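Okay, structure first, notes after.
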């Protein structure tokens with residue numbers, strides 16, 4: 001049982017780390033000479049432009065930012081609730097509250113990555129002065145980590161739903 005508990009905690013911490021990296025790091029769309037994410041665009045690794053309200057489709061990127069931040073916060077809250085439930089639940093009860101919050105985190109990261117997937121091309125075309133060489137780009141590791149975090153938070157949420165507290 002102790003090994004299973006250690007695995008679940010490690011899996012949850014890994015999910016949270018993936019969410020933090022995907023949210024913070026500047027690699028949602030990358031090319032040879034630029035890096036772009038939902039916070040800023042950097043060309044030549046030196047010239048960075050912060051994405052602000054002068055940016056067209058800014059509300060779309062704000063939705064991605066908000067749902068990624070919310071996903072990360074919910075994942076951290078779910079971990080603390082899990083730790084509390086370890087001490088507060090009676091034997092045989094399920095970790096339903098932790099599961100619900102973790103599945104909400106999963107839903108938020110899925111929404112963020114889906115919005116970015118759907119709207120990326122429009123964002124780049126409408127802001128061509130910020131994205132001068134985006135045609136040569138591809139999805140970066142932060143974007144991929146967001147989808148991996150989606151899978152991890154989903155699996156984690158399902159594990160909590162199935163898991164029962166034992167002695």
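Don't overthink the numbers, they just go from 1 along the chain as shown.
Including glycine, each Cβ sits where the backbone N, Cα and C put it.
If you check Swiss-Prot, you get these features:
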type	residues	note
TRANSMEM	1-21	transmembrane segment
CARBOHYD	44	N-linked glycosylation site
CARBOHYD	47	N-linked glycosylation site
CARBOHYD	52	N-linked glycosylation site
TRANSMEM	67-87	transmembrane segment
TRANSMEM	95-115	transmembrane segment
TRANSMEM	143-163	transmembrane segment
C-alpha spacing of residue 44 (N-linked glycosylation site) relative to residue 52 (N-linked glycosylation site), in angstrom: 20
Cβ atoms near residue 47 (N-linked glycosylation site) (within 10 Å, other residues, all chains): 9
